[in-house]
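Everything on this sheet refers to the single structure shown next.
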Amino acid sequence: MEPLWGAARPVDQGPPRLRESLPAAPKGCWKGPEADRRVACLAVATAAVLRLRGRRISRRGTHPSTDVAVAQLDAAELRQLGRPPAWLREAEEANLQLANGWEPVSSEVTLRNLRIRGHLPQHVQGGIFLRNGPNQAMSPVSMQDYHIFDGHGMIHAVHFLGDEEGATYARRYVRTQALQFEESEGQCLYTGMKKMLPQFPTFFRLLFEKYFGSSGSTDSPYWVIQNRNPANNGCTVHAGRVLATWEAGWAYELRLPDLETLGLFDYEGTWPDGAVTDNCSAHGKQDPETGQLITISYNMIELPPWLRVITASADGALEKSVKVPLPSGAALLHDFGITQRRVILNVGPLNLVPLKMVSGAPPFDFDFSAKCYFGILSRSSDSADDVIWVEAENCFNFHVLNAYDDPTDPARVIVHTFRQDYTLGLGMGSKLNEETRMSPHGRRLQGDTAVLHRWVIDVSAAKVVESTRLHQPPADPRRSWLSDFGAVNPRYVGRPHRYGWSLGFDSEIQAGSPVPEGSVARFTRVLKHDLETGELLERDFLHSAGACVVGAAESRFACNDLVVVPGGGSEDEASLLLLVHDLVEETAELRVLDAATLNLQCAVEIPTRVPLGFHCSFAAAGSFDLGEA
């Protein structure tokens, strides 16, 4: 049978197109004797954008939608649902960040009555697994300059119904302001992270869309113009809502279980104008006792650069925000830690360089001669004056596993991170002062790879008293030691814990091969870390399916994040949920593993391709209203 395609509004029936309204600007109109033409061009752009003012979150996009029981589709139709869009298949240029599993899909989908292989644990039943990621909706402005941080955000969700009822898989775009604007224009207009140089006269169209087309409710800070907020990175579940976040933009709120985009998250009306100056980290931390959500924002443009620590109540209302000047340059921040009493800020030397932005070069530098810093702020403090900055060795920590106050010494905190010797931001940066590069922990790591690391910080003395690499290259080259994308039992966030889980890089990277330039590292195994004994348990994705796939190559399966769902009373009486992609068969499985043994408990079989992505989370049964669907 034919897929049940939803009615898609043709692009040319949307609001008036700025592209048709704006006169073509001749070469040189922005300088020299033709400079006065700027006023005329700008006036026309202003008038055209004002016609779009008042556009709100739309309920339907221009992409087809399928909602059907999986048994009603044959193999060819299921394969069709996973095909990349025509613009990518026909592209003359190649981009590794739009290949090897990162190819976008061209439609939104709901597949019902999916088979669950194995037995669904009680603590997972009725819940929803959610994962965010880039799904570029149209051909980018420049195929060469596209970066995976640019792609339009798409949430993939698996709703566990029961062993007999099966599960439902759905994917929906986050209906951001930029996606709607570009759909109405019928083309991609934002250049992205690797090319922040203003593109005239398009720059003026984007500027006015930001402040007028959005009805004055912009979704990114005032200094973000040439980039869209795709809401494609984080996926935080808090107070019955899903927050889709992007590093330099404000969070979008989605409804469960139908993934309807409700609009910008304004902290229950208590911070409606925050997006003008702030952004929202991908890694909000929820306190397991108070239910508070703590997140960070940052500004790399103002002098001095700053970050903000934001605390929301258990029901999502703003409690306070503390603006903190950075101790170093305009650093890109991503993750942080909390303890029961403190917030642990994490600043590494991957800095935005405005002059490189102007020249059109990759806008970030990793400085091998600079320090890394940890900032310690009491969670009860309202003042940046209370932050204690602690210098650490040159490195970068994109992801924090967990942090906690030392139970034997209240002046100390223990932080576990996935420490990198350096990063170039997956192609967004260059090396600076590389001649000073060294590693105090033995073998130097390849760029954009990491190993679990323990830091012990004496807060009263403002110094690092221990910096220890927790794993070393194993004698058996088949074993793992490099990993990233960690998780702990959420009941232990900010508390002393014994276990952590992460994803291991593929075998070639474990053995020392670099991440291919322009590509993204591949994760092919799941690891369990015992922080007391140092034991490392691992399962590759060939075997964690429950039975070895005979003759298959390791690179056939990949994953990009995992989440822990608590079960019984002890820390590892839990389940690991991870979306595993079969890059050969072009299908996927949501695997549920026993957190103690890494053995398979069950798997939801998704018989169509799901693109690779970023961070994930879990909404437990009862935390959302089924009546909203």
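Here the Cβ of each residue, glycine as well, is placed from N, Cα and C on the backbone.
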Which listed span TrEMBL calls region 'Disordered', if the choices are 1-24, 121-144, 457-480: 1-24
Cβ atoms near HIS615 (Fe cation binding site) (within 10 Å, other residues, all chains): 22
Listed in sequence order, residues with CB under 8 A of HIS334 (Fe cation binding site) and six or more positions away: GLU247, SER281, ALA282, HIS283, PHE398, HIS399
Sparsest Cβ surroundings (other CB atoms within 10 Å) among the binding-site residues HIS283, HIS399: HIS283
Beyond the site residues HIS283, HIS334, HIS399, HIS615: chain residues whose C-beta lies within 8 Å of the centroid, for Fe cation: ASN233, GLY234, SER281, ALA282, ASP335, PHE398, VAL400
